[in-house]
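Take a look at the structure below.
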Amino acid sequence: MSEDKITGTLAFTVFTAVLGSFQFGYDIGVINAPQEVIISHYQHILGVTVDDRRATSNYAVNSTDTPLIVTPVYATPAPQVDREAAGSAQLITVLWSLSVSSFAVGGMVASFFGGWLGDKLGRIKAMLAANSLSLTGALLMGCSKLGPSHILIISGRSISGFYCGLISGLVPMYIGEIAPTTLRGALGTLHQLAIVTGILISQIASLSFILGNQDRWHILLGLSAVPALLQSLLLLFCPESPRYLYIKLEEEVKAKKCLKRLRGAEDVTKDINEMKKEKEEASTEQKVSVIQLFTDSSYRQPIIVALMLHMAQQFSGINGIFYYSTSIFQTAGISQPVYATIGVGAINLIFTAVSVLLVEKAGRRSLFLAGMIGMFFCAIFMSLGLVLLDKFAWMSYVSMTAIFLFVSFFEIGPGPIPWFMVAEFFSQGPRPTALALAAFSNWFCNFIIALCFQYIADFCGPYVFFLFAGVVLAFTLFTFFKVPETKGKSFEEIAAEFRKKRGVAQPPKAAVQMEFLGASETA
């Protein structure tokens, strides 16, 4: 059937769209590997106390810039030295935490505007507009070595995060609207696959002999401009979303023209009829506000479960591993931690591809539970390895293996599943608001972890992942008792499951039932 083919135009268009997802992943991973290099630059720019002199000396040795002029240091009372050293260390920790977490702040704010921008400008122009933010952020970070690096990096990361918040909504939306129905699920997963590919490439580029060194780290940070420029060029040759043209603008002629390019066929009647039906269904339901999601009894439990699933994803500790994996491997005694971090990225990529197959065959709830249970045990072994490292050198391998397995279990369930399930919990009316709120909560939790993990790790030491194990266990129990299975069920059946779990026999009023929601429609 012609509508099931992946034509050259469709492949080109999907590739162009996921360049934004690739950049999303690159921006997530690029800050991790050169952590020590950037911190030493912060110390150099801001000035350090006597106890931090060794870090400054390392900067001078490793840099090809003009050597530092060493000035005489006069005796200072020991308590004052200690206070200055502690204050300096605290300032650097704050700046580094902001350098990491400011990315999530931008994403958190932008998560509410992706759909609005796509409707206002169209999918293509919205992605072009978003790329202007990406280029601005990349420019600031690329020039960070020439000015106040901490200010430029934090500002650049915030703007890049804003771009990624927009693109995390625009790319899946665009791909879902241009893909044939039978290929929508498979093509939709390319968004996540491109993200983890970007993470892996950023980790490889961060190797010290490539870009992760004192001379070229700013180039590494600014390199995210490359996919943005490439995507901006290629988007000029991509067709607009036929659904946007037909449903939003009511321009049927243009919609048919774009469909013919994407499908490689003259007869696009089936797609037009599908969009016509979708438009009629959408007109029967009113938009639902955020407040209504919590005050209406038919929406309250689904939105609470949706938010808890996203909280479970972020508070599981996965971003602690991604953001600070290099330092974790150093603590574990790995002599070349950056290669272990790249290994994590490779495992992440492999199991993201594997999860595509598993999601289509197994239940959402069972995969989520399996992933959480596996992560619980991995977190325990991770902390045990770190605690006992001083007594048994081989415990470093236990920690490293646990990290690899932790990432694997995450990608099997808690990574992709929340996005699938939230889409299946709600019908056309409340779904856009629910997805926006879920995305906001995901970014907000990401921000909290990025900001606080370093402090938590410093306070808890090698016991930090015992804390995450407890959190994972709590969310696992919540999932077991409160989350229904959604695979292969209609909205009416899912709503009945929620009523059953809260002990309500009668169906809620004013609920417009949705037709069967297959797995292919949840990407």
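Each Cβ is built from the backbone N, Cα and C atoms, and glycine gets one as well.
Residues annotated as domain 'Major facilitator superfamily (MFS) profile' in TrEMBL: 13-487.
Same-chain residues lying 6+ beyond the ends of the transmembrane segment (7-26) with a Cβ under 8 Å from its Cβ atoms: 127, 130-131, 134, 163-164, 167-168, 170-171, 174-175, 178-179, 187, 190-202, 223-224, 227-228, 230-231, 234-235, 237-239, 261-264. As annotated by TrEMBL, transmembrane segment applies to 7-26 (among others).
The transmembrane segment feature in TrEMBL is assigned to 94-116 (among others).
Under the heading transmembrane segment, TrEMBL lists 128-147 (among others).
Among the features that TrEMBL reports, transmembrane segment is placed at 159-178 (among others). Beyond the ends of the transmembrane segment (159-178), by six or more residues, the same chain brings 10, 13-14, 17-18, 20-21, 23-24, 27-28, 102-111, 113-115, 117-118, 123, 126-127, 130-131, 133-134, 136-138, 140-141, 184, 187-188, 190-191, 224, 239, 241-244, 262, 436, 439, 443, 523 to within a C-beta distance below 8 angstroms of the stretch.
According to TrEMBL, the transmembrane segment annotation covers 190-211 (among others). Sequence-distant contacts of the transmembrane segment (190-211) (same chain, at least 6 residues past either end, Cβ-Cβ under 8 Å): 14, 18-19, 21-30, 32-34, 171-172, 175, 217, 219-220, 223, 322, 338, 341-342, 345-346, 348-349, 352-353, 356, 411, 415-416, 523.
The transmembrane segment annotation in TrEMBL covers 217-238 (among others).
The transmembrane segment annotation in TrEMBL covers 338-359 (among others).
Sequence annotations record features per position, and here TrEMBL assigns transmembrane segment to 366-388 (among others).
The transmembrane segment feature in TrEMBL is assigned to 394-413 (among others). Non-local neighbours of the transmembrane segment (394-413) in the same chain are 196, 316-318, 321, 325, 328-329, 332-334, 340, 343-344, 347-348, 351-352, 354-355, 358, 367-375, 378-379, 381-382, 384-386, 388; each lies 6+ residues outside the stretch with a CB under 8 Å from one of its CB atoms.
Residues of the same chain lying 6 or more positions beyond the ends of the transmembrane segment (434-457) and with a Cβ under 8 Å from any Cβ of it are 93, 96-98, 100-101, 103-105, 107-108, 111-112, 114-115, 165, 168-169, 288, 290, 293, 299, 302-303, 306-307, 310-311, 313-315, 317, 319-320, 323-324, 418-419, 422-423, 425-426, 464, 467. Annotation source TrEMBL lists transmembrane segment at 434-457 (among others).
Long-range Cβ contacts of the transmembrane segment (463-481) within its own chain (Cβ-Cβ under 8 Å, at least 6 residues beyond either end) map to 308-309, 311-312, 315-317, 320, 365, 368-369, 372-373, 375-376, 379-380, 382-383, 386-387, 456-457, 501. Residues or ranges marked as transmembrane segment by TrEMBL: 463-481 (among others).
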